[in-house]
Amino acid sequence: MEGGPAVCCQDPRAELVERVAAIDVTHLEEADGGPEPTRNGVDPPPRARAASVIPGSTSRLLPARPSLSARKLSLQERPAGSYLEAQAGPYATGPASHISPRAWRRPTIESHHVAISDAEDCVQLNQYKLQSEIGKGAYGVVRLAYNESEDRHYAMKVLSKKKLLKQYGFPRRPPPRGSQAAQGGPAKQLLPLERVYQEIAILKKLDHVNVVKLIEVLDDPAEDNLYLVFDLLRKGPVMEVPCDKPFSEEQARLYLRDVILGLEYLHCQKIVHRDIKPSNLLLGDDGHVKIADFGVSNQFEGNDAQLSSTAGTPAFMAPEAISDSGQSFSGKALDVWATGVTLYCFVYGKCPFIDDFILALHRKIKNEPVVFPEEPEISEELKDLILKMLDKNPETRIGVPDIKLHPWVTKNGEEPLPSEEEHCSVVEVTEEEVKNSVRLIPSWTTVILVKSMLRKRSFGNPFEPQARREERSMSAPGNLLVKEGFGEGGKSPELPGVQEDEAAS
């Protein structure tokens, strides 16, 4: 593409696009020449730079994708590490194979300029060539996006700000850390759009091997859309529930280790997910599970989120979340319960509590004991862990730190997981980062995308072929494995949504 525009074909709007693209090129180049930010407390290596041509402008330098070997440094390979070496397969999360979340990963792209071109079968937004639609939903659509300079595909989500703001922000959260509220003073009241930008600023800085990565956000202040670019995980959900072929106990153990580390990282960042389930656990090309979909998540102050409303997927809800007591409940304990249901699904291919009717399902969750089928047979240690995770009393339910030490998880101590200090560092967001959490698109340019990307309103799993979606019934009888809390349309397992209360300190 050297010497020519990065467009699919020539268009009558090309001259206007070129003129807009040429604005502030000098400022743009100066902005690109700034110091490289650190990632998760680790200084990045020098970046290789690759030219990407923007219509009507000089070549703009974009970061080249780092090699995989630069990002997969095992915690146990550190000289100071104390973990035992172990032989493990490509999906192992044991000592010899776990990828360090603190190893450098490429920073979130900051787009200082946007150029759009349109053709009958192609739309290009900056360096992204938008391809097939891979998901549709109540809040927007998901398109496959190809970055030519990196030769890499991403998932671009186009979200409706009107629908987001109708639900008072996505995900809803209290004021940022360090505010007066955190110091015992009066809480700062945030406008809905401010909440959106603050949460985007947090999500952009989350950097963990077991959490889906947000790459870039673009915003058109005069139009209804936010454009979010995420890592594309082609393998999709780790499991569809129900299924006839559940995982072996060993495979379930390896996947659970990934989920627990990702969950501990989120809790360290003071985020409760609130919708852990197999369809929100996506499998990366490296064989590791990554937590996705923060549509009903909450961020909290203090040690834990104190919640008072129900959200998430009925079959994965904890007893206290569906209680009529009116009392607040622990956000962390909710995540542990949902992870326990997920672990049960891993080994049995179905949820522990199933019913066609929501009230009957709630009654079973609150009152009935966990039943272990005769087939497949599982170990007593695994049964012990499941029962502790599905303890109906949140006060006595096992926590993430104790799950990490459980004999079934560690193979009786032979394969310990890294400590919180080794794989978590707290993300802090400054006011400047919140202000710059999105890049603005000139309003006239997005008319093309509005017409080409917002044609349909209902959607399913963005990583699932359409034919398969039509053939497969919903995940559970009565659609009780489908997320609650959305008044308009369905929701993809990986599309952000917005239906939550405020988390109390």
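Indices start at 1 and increase along the chain as displayed.
Each residue, glycine too, has its Cβ placed from N, Cα and C.
Lifted from Swiss-Prot, the feature list:
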- 26-61: region 'Disordered' (REGION)
- SER67: phosphoserine (MOD_RES)
- SER74: phosphoserine (MOD_RES)
- ARG78: asymmetric dimethylarginine (MOD_RES)
- SER100: phosphoserine (MOD_RES)
- ILE134, GLY135, LYS136, GLY137, ALA138, TYR139, GLY140, VAL141, VAL142, LYS157: ATP binding site (BINDING)
- ASP275: active site, proton acceptor (ACT_SITE)
- 438-463: region 'Calmodulin-binding' (REGION)
- SER458: phosphoserine (MOD_RES)
- 460-505: region 'Disordered' (REGION)
- SER475: phosphoserine (MOD_RES)
- SER492: phosphoserine (MOD_RES)
For the region 'Calmodulin-binding' (438-463), the mean pLDDT of the predicted model: 43
Integer Cα-Cα distance in angstrom, ILE134 (ATP binding site) to ASP275 (active site, proton acceptor): 22
Rounded Cα separation (Å) that holds between ASP275 (active site, proton acceptor) and GLY140 (ATP binding site): 20
Where VAL142 (ATP binding site) falls in three-state DSSP terms: strand
Residue among recorded positions LYS136, GLY140, VAL142, ASP275 with least C-beta crowding, 10 angstrom cut-off: LYS136
DSSP-derived class (H/G/I helix, E/B strand, else coil) of LYS136 (ATP binding site): strand
